[in-house]
Each structure stands twice: as C-alpha cells, then as structure tokens.
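Inspection log for the structure reproduced underneath, given as structure tokens.
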Amino acid sequence: MGYNAGSYDVIVIGAGHAGCEAGLAAARMGSKTLMLTINLDMVAFMPCNPSVGGPAKGIVVREIDALGGEMGRNIDKTHIQMRMLNTGKGPAVRALRAQADKFSYQHELKKTIEETPNLTLFQGLVERLIIEDGVCKGVITQAGAEYTAKTVVITTGTFLRGEIIMGDLKYSSGPNNQQPSITLSEHLEELGFDLVRFKTGTPPRVNSNTIDYSKTEIQPGDDKPRAFSFETTKFIMDQIPCWLTYTSTETHRLIDENLHRSAMYSGMIKGTGPRYCPSIEDKVVRFNDKPRHQIFLEPEGRNTQEVYVQGLSTSLPEDVQRAMLRTIPGLENVEMMRTGYAIEYDAIVPTQLWPTLETKKIKNLYTAGQINGTSGYEEAAGQGLMAGINAACRSLGKKEVILGRADAYIGVLIDDLVTKGTNEPYRLLTSRAEYRLLLRHDNADLRLTEVGREIGLIKEDRYERFTNKKLQIEQEKERLESIFIKPRPEVQELIRSIGGSELKDGIRASDLLRRPEVTYEHIHLLVPSEVALSDEITEQVEIQTKYEGYIEKSLQQVERMKKMENKKIPVDIDYDAISSLASEARQKLKDVRPLSMGQASRISGVNPADVSILLIYIEQGKIARVSNQ
C-alpha cells in the first residue's frame, strides 16, 4: 500500500557523479529538490579509477566549474596529486588530471549536499515512475513512498539490472557489490524505452605494503600548484606519487592460457564494452605484437593501503587474477585486496532524448550519466549538471539551456549522444570536438561563466572577479599592441639565448610574442607591465595573441555552422510527407527528430542531398505535421 511522502519541484534518482551535480544545480537554482539513492554511504562513490580529469575530460570538469557545478571544487579539496598533461603540445589538448582520495571525495561532496538549502537526501530504491498522460509526475519507491514532482532526473549509473561477472561467476549486483535496480529497468521498458546492454570493468586493488616500489618508476605530481576550479585559492602541496610498471611475457602467457576462463571470451558477457578502456585480456589478444603494457599503481587515498592497478581491468577468475598480479615487476609478492570484475548494465538509447536531456516519450523526465550510454565520472557529471539545470528551469517556468558544439565539450558530448547515438560506452575525446582550439582548458570560464550567471549558479562576487579578469586580459593585449621594441643589445641577446632570429627593425611586442620561441615571460623581461598580473591572465594574453589567426579561422567556421543551427525544424514535421528523402534518411530523421538543420546534417545516414531536400521543403512553408509530437 503506497503513501504520500511529499511533493518537490525536482526529484533526482541516484547520487553518483551525475546525480550529485543534478541535485546541487536544481537546489541552488531555487527548486525544492529530493535526491533518492540506494545507499547513503555511497554518495559520490568512485567505483572504478580514483581520478578526475585527463584529455577532454579535464576540460569538462573546468566547464562544470565555470557553469557553477561542484566537481572541480570538490576534487581541488580532496586530491592527492595533480598533473597537467600534454604540456609539450598546443593549448587545445592540454588537460589537468588529479588522483583523488576517493574516500575524502565522497565525504566532502556528501557534506556539501547535506548543507545545501532546498536539497533533501534520502535512502530509498525507486521502482516506478508516476506517469499521467505522457507526463512524469513523480516516483514510487520499494517501500511504497509516493513522491510527486514537477520534473524527475534519472541518474542510475550501472545499477539498472546490473550483473557482476568474474570468470564463470555471475550474480545480480550494482558496482562494488551494491544492490542493483531491477524493477525500474523493467518499468522503463514497459513505458516503451529502447534499452541496450553495455559492459564496463575494473581492475584488482592491492595492498601497498606488499609492493616493491624499487622495481617501478615514480610518477610525481606537478610542483606548480594546479586547480580545476576557478575559485580555488588554497592548494594542496603534500602530494602522493603514483608508480609505473609493466606487464611481462609471463603475464601474457598466463592470460593466453586462461582466455577460455575469461567472461569476455567465454561468451558469458553479452554487453558491449568501452573501446577506449579495454580489459587486459583484450589488450593481450588485440595487440599481441606488444611485449608489454603499461600498468600504473594509483593510491586510493591518504588513509588506506589500497592501490588501484590501472591498466589491468579484467573479468578473469579470482585465482588467475592473483597469479597474474605476481607476474608484474614490483608485484611479485603482492597481496590482492579486491578482485577486478566486469559489470553489465542497461542503458537507454540516447537518441530518445532531446538536447535538453529530456526524454521524447515522457515529458518532464530527464536522464543523465551512464544510463545515457557514456563512460566516465566527468561525462556523467557534465550531463548531470545540464539535466539538473534543465529540470529546474522547467519546474521554475524558465527557458531551458542547450550548449552547442562550439560552446563546450559538454555540448559536443550531448549532441553526439542525442544526434548520433552510441553502440558502445561513449568516451569523450579531444578528436570528437571540431572546434577544440576554442574549447580549451584555460578559457572555460570565458566561455561559460556568463551562462552560469544567467541561470543563477554563479554568485555576484565571483562574477565581479571574472569581469575584472576579462578587463585585465584586454588591457594587457592592447598594451602589447601599442608598444614597440627596438633592436637594443639586451633585446638581441635575449632573442639569441632562446634560439630566435635577431631583430632587424623595431617590432610590436605582440608580434614578437607571436614568434614560437617567445613566451610572455620573455616579453615581460623586456617591457614589464606596471600592474601585477596573475598567471591565468598572462596565459590568456599569450594564447590569444599567439593563436589569433587560428582562433579567428575557427570562429569563422562557427559562424557558418550557426547559420545552419539557426534554421529550425518543427518538432512535429511529418517526414513521410517529403517523398524525395532517401528511405534511410527519413527513418533516421523520424527517430532523432532534429531541432535544426545543423543537427540534421550530423545524423549518420542523412547525406547532404537529404539535407538540401529538407531545407527546400521547410523554406517553401507548406509543412505537413504529425499529430502525436
């Protein structure tokens, strides 16, 4: 027998990385919000790698922070190591990565949630949604509690019909042996949602006291203080190193001999795994010409001896895992503390979503995170933030927010999901962004702080600091444009010392900075600023000056794309009435229901001829419409 348990503006199902961002965003925007989770002790849990960031993903964390989300602030408070990656490459691919103290990360984020006004956190298992006339009105828990809401966000991660698999052992479970969510998955199928079966995995954890670190290579963090959040002013200087080792020929022999016992190769696993995070079995089979593979030993926290064996994700049986670990240099006498495993779970086909992450079938119902077919904490958090923002906007009667492909990696991620779909766990890569020179780690605040302020997630004091930063950047760029540097002896000496060509005539400071060997520090030595400028400001001045021509080209491409994005397609257009469309294009357009010509052009199976036919049809103005959209 059910009972009325309360009414809310927004209900978030799940409290992983997507759920935490969704709940916090909705509450901070003024929506009365309820977060329901299977286990309160697992809020913001990291079931796989104890890290945040990396290529593309680190930029997402910066974007989350620029919009007013929490992940960046939280990892800045709880990391054990920070490293800037790809420092020898251009600014488009530089990204920050942090090793997390996974237990502190959980504790701090749960504390933030508990202290946030408008936000209630409750332990309960959601089994059904309350649906009336195609509109989501709330949720029903296993205990019979009926919570009503204006909007609902599902962020169930890998819990939907989750199954853990190790060798021939298979049992129903969420990650880390938590209770799975079975009934909700069945309910989503009853509602007509298409679900797919995906798989991911995790490596074993070992006892640090039993590792011989003398046989490994130390991987320290950066000496220079780093942060994900633009608000962070206190930096953790006491860093803990990671360690690098490798598999051996004995490791590979052992895996080859036991492939028939791997759930991946025995046929026990049916779900599709992540292409960019293969198991060790996959690596040995697919890259059998490689004599060894990298293994990173990553501490799971400051107050634990557990070490994450990055690069050894596996579904081999426990006895094989024990033996395999001891074939790796430095791990000859290691004690395994947790086994690695594969986990299969249900995900929704993401082309069933609008770009707001609202489902097309059920109004006021949003989904975010691994349920949408992605992998990774950062991808989940970015989706959770946008779903939470849009659920709150809907509940408050405000216009929803859609980030474009030229606005943010989050925009690329969501557009890829809802436009192209995915047939494997989706991982964000820099190569997926066509405007990656514009979507850099360093300029996330310049791109998105205005958006965060408009929706109410950026406070006035932070916005004031942001506008002051923008002003200082422009003033310094103008100063360098106005100053001429003459070929004085000290100038020529500096240029020679860095391998540059001597000046023949005077040169603008900005033009000298455009030389590849010249940095802002060199310019500062020659013509110092009278105003003390932060590293963030001088970095922007240097990047914007050096890459001005390339940035301008990218902006021109964006303007051309915007013309297509601004050509809107009615949601209820009847594609069957456009007889000239190719049959595959017609079906894909009906499935995705793009909102613009730009989105239509990115659907696989819709070729340029189909786009032209659709554009002409819409411009003629006589648009046939379907009644059920």
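Glycine is treated like the rest: Cβ placed from N, Cα and C.
Taken verbatim from Swiss-Prot:
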- Gly14, Ala15, Gly16, His17, Ala18, Gly19, Val126, Ser181, Gln370: FAD binding site (BINDING)
- 273-287: NAD(+) binding site (BINDING)
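In this entry, FAD is bound by Gly14, Ala15, Gly16, His17, Ala18, Gly19, Val126, Ser181, Gln370, whose most widely separated C-alpha atoms sit 18 angstrom apart. Nearest in space to Gly14 (FAD binding site), taking C-alpha to C-alpha distance over the binding-site residues Arg275, Glu281, Val285, is Arg275.
Of the recorded residues, Phe287 (NAD(+) binding site) and Val126 (FAD binding site) place their C-alpha atoms 43 Å from one another. Around the Cβ of Gln370 (FAD binding site), the number of neighbouring Cβ atoms within 10 Å comes to 32. Counting other CB atoms no more than 10 Å from each candidate's CB, the binding-site residues Arg275, Lys283 peak at Lys283. Considering only the binding-site residues Gly16, Val126, Gln370, the residue whose Cα is spatially closest to the Cα of Val285 (NAD(+) binding site) is Gln370. The secondary structure of Ala18 (FAD binding site), as reduced to three states from DSSP, is helical. Annotation for Gly16 (FAD binding site): spatial neighbours Ala44, Phe45, Thr155, Gly157, Gly369, Ala380, criterion Cβ-Cβ under 8 Å with sequence separation of six or more. Across the binding-site residues listed here (Gly14, Gly273), the residue whose Cβ sits among the most other Cβ atoms within 10 Å is Gly14.
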